[in-house]
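Asker: One structure, pasted below without further comment.
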Amino acid sequence: MTEQLLLHGTLEVKIYRIDKLHQRSRFNLCGKGNKEPTGKKTQSQIKRLTDSCTSLFGGHLYATIDLDRSRVARTMMRRHPKWLQSFHVYTAHSISKIIFTVKEDEPVSASLIGRAYLPVTEVITGQPIDRWLDILDENRRPIQGGSKLHVRVKFTHVTQDVNWNKGIILPSFNGVPNAYFNQREGCKVTLYQDAHVLNEYPDVTLTGGQVIYKHHRCWEEIFDAIWEAKHLIYIAGWSVNTDVTLVRDPKRTRPGGDLKLGELLKKKAEENVTVLMLVWDDRTSHEVFKRDGLMMTHDQETYDYFKNTKVRCVLCPRNPDNGDSIVQGFEVATMFTHHQKTIVVDSEVDGSLTKRRIVSFLGGIDLCDGRYDTVEHPLFGTLNSVHANDFHQPNFDGASIKKGGPREPWHDIHCKLDGPAAWDVLYNFEQRWMKQGSGRRYLISMAQLAEITVPPLPIVQPDNEEGWTVQVFRSIDDGAVEGFPEDPREAASIGLISGKDNVIERSIQDAYVNAIRRAKNFIYIENQYFLGSSFGWNSRDINLNEINALQLIPKEISLKIVSKIEAGERFSVYIVIPLWPEGKPGSASVQAILDWQRRTMEMMYTDIIIALRKKGLDANPRDYLTFFCLGNREKGKVGEYLPPEKPEANSDYARAQESRRFMIYVHSKMMIVDDEYIIIGSANINQRSMDGGRDTEIAMGAYQPSHLLSTNNMRPVGQIFSFRISLWLEHLRVTTNAFQCPESEECIRMVNATADELWGLYSAQEYPRNDDLPGHLLSYPISIGSNGEVTNLAGTEFFPDTNAKVVGEKSNYLPPILTS
């Protein structure tokens, strides 16, 4: 077997051209050979040859780059095979060779011309390779005419990255390289946990009583921002429900707070505020099919509500880009979504009666039903108050307020950007509106904006300790935005990736990879999904070539832990995910996702255990990497809502109601690194969100220059640190000094022990307490074998109150592209 080596770092690849490509003729496509005929006769011959080749090849040839089985790049399609195209590729793959494949595009798929190979043993040295490679057929023989492909390859090992393992070092740190949006200095950032925080919830304090974090209230601040807008309100969402009420806390009323979202937006439009909405068009929501659609996003209802009003609401399908084949185009249009959740408004400027500023919101929370929740995450106690008209429980058949709880609690994270980065969120909306809205029609022009707003300049002075530096990232392609350059060289210069005949931005995945590589001490993740790096999965019972869940984040995390074990340094990773993905837990789609998740975990724990053994350490892998979920269990209370109906006997619904427990659904999309850097957005840690050509996403990465590991060699104690402590207080209901050093064995073991105890209380057949569950952070119910294999926790084959397997089950009929 050919030797495999770990290629962990960055590949710089340039594909130039093919020297000649014969096809039943002595002439070649590129016009290069031993003799160059001249004259009108020869020109006629060449024209006939070109016409015949266009017929044979469709006039469209492209090349791909594979790391063994993993496709990492592809060129644009060209009539003649001369690309001159460069690629910046992050790698974390154990491979034997780099494969360059030349294909002819066809309407349905593509046909193979040939492949060229470059052994990893040559690449891994780091020396530049500039070479003509033989193009071979499937039997490894030169194709007709002995054609060659000209490539240049340069590998840089991850340890040679100037930021590797160093955190953020100023002034040299310039943000994530090769990204579409640059990092913006002098911003303000507001961080939100959940849609609302009650007055009774305490501020976060350190030992000695020092207040380090005051809570902000997401939906109230969104309401205020919309209410106070004078010129523009731009909303993009996966789901927008006109019936939701943003302000519900009776102790925090305000003028207009009783308005529903739809009423509020119509009111603002009547005040001559430009209100534009981009709502994902669920292709399954159609009068002919099911009006609310398979995803129940209310898109058609929202569109109908605003019809013939001053609010401009556009339903946006996830249109395929021009480079997709018919099959790929069908996949994109029917399987993928517009998943961004953004709001852009104008807001007042202190000290100015005429000028306004741009403020943007982004994150995981859609403006729709089921999202309003507090850090208490009640199951039954609010069904006769704030959730009486907002009962959300999609995990049980027939669930409704009439049959009672448990409702599905919702944990999420969002943020507000103020300053130059807020404008990048505005630009994103404008690009999307021009592509799928109404062109420039209805958008406030840049000239008008210049008259009514202050320019996108820093709003915080460099010496202000509360200042932020922010960079906006996306997963998106030119099927969804206007303005991406067609020339691949121009696209590459602004951080874009050129595909067959499309242009992709994949900067969210790049942001995660860079942040993980910079990490020194710990990583804390909350995400709705956690699966990927399928190139590293065990292939004993699956064909890895069919999975294509290639995003690098899980492998980058396990390799970071391995590097720390090898160096004899502490490093801890905490990952919070839902108990299962939203939906019927025993359904084929949920079980398939859980199977991918289990394989991802297994790959990571295998890497860690191998590294521990090499160092002669008999350590628990959960001291380095640990997974959690959230759940609640409530005791009945006097005056609680009494449903007039009952769930079907012996159903999951009935059992959950009897046991009075249910998972808290983790919908967050957040990563904190070393308490100095945070990523928040709409992107899940799966292929759909990180691909760029699948679901469209937006995120931001941010830090406070005055609160870095490199500042005075002290631990950061800025807003990111405080936000993490606040989240841990929400989940664990306690704070301790150990939480200030998450990488320590003391901290991770304390958190694991508490979560183990809480899982025991949550899963117990008979609940032994007379009060609610004393914390929400539960150990994910898996067991880790001696070689890294992941199985269900002993005695927990199925999720509580269900017959659904904890570790999932491979689907034999659902396409992996749908569930990965």
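In case you wondered, yes, glycine gets a Cβ from its N, Cα and C as well.
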Asker: Which single residue out of His215, His216, His667 does Swiss-Prot record at the 1,2-diacyl-sn-glycero-3-phosphate site shared with His339, Gln528?
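Answerer: The one candidate that Swiss-Prot places in that 1,2-diacyl-sn-glycero-3-phosphate site: His667.
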Asker: Which of Asp161, Asp194, Asp203 shares the Ca(2+) site with His377, His411, Glu730 per Swiss-Prot?
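Answerer: Same Ca(2+) site in Swiss-Prot: Asp194.
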Asker: By DSSP assignment, list the helix, strand and coil residue numbers for the domain 'PLD phosphodiesterase 2' (662-689), in that order.
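Answerer: Here the numbers are 3 helix, 15 strand, 10 coil.
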Asker: For the recorded positions Asp194, Asp346, Asp674, Glu730, which Cβ has the most other Cβ atoms within 10 Å, all shown protein chains included?
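Answerer: Selected residue: Asp194.
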Asker: Across all the protein chains here, work out how many other Cβ atoms are within 10 Å of the Cβ of Gln528 (1,2-diacyl-sn-glycero-3-phosphate binding site).
Answerer: 21
Asker: Between Asp194 (Ca(2+) binding site) and Gln528 (1,2-diacyl-sn-glycero-3-phosphate binding site), what is the CA-CA distance rounded to a whole number of Å?
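Answerer: About 14 Å separate the Cα atoms of these two residues.
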Asker: What other residues of the same chain, not counting Asp194, His377, His411, Glu730, have a CB atom within 8 A of the CB centroid of the Ca(2+) site?
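Answerer: Same chain, not in Asp194, His377, His411, Glu730, Cβ within 8 Å: Gln193, Asp373, Thr374, Val375, Glu376, Pro409, Trp410, Asp412, Leu630, Ile664, His731, His776.
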Asker: According to DSSP, folded down to helix, strand and coil, what is Lys341 (active site)?
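Answerer: Reduced to three states, the DSSP call for Lys341 (active site) is coil.
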Asker: Going by DSSP assignments with H, G and I as helix and E and B as strand, what are the residue counts for the domain 'PLD phosphodiesterase 1' (334-371)?
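Answerer: Taking each residue of the domain 'PLD phosphodiesterase 1' (334-371) in turn, the totals are 2 helix, 17 strand, 19 coil.
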Asker: So around the 1,2-diacyl-sn-glycero-3-phosphate site, His339, Gln528, His667 aside, which residues have their CB within 8 A of the centroid of those CB atoms?
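Answerer: Along the chain, the qualifying residues are Gly364, Tyr529, Ser668, Lys669, Ser682, Asn684.
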Asker: Which of Lys341, His667 has the fewest nearby Cβ atoms, counting only those within 10 Å, among these active-site residues?
Answerer: His667
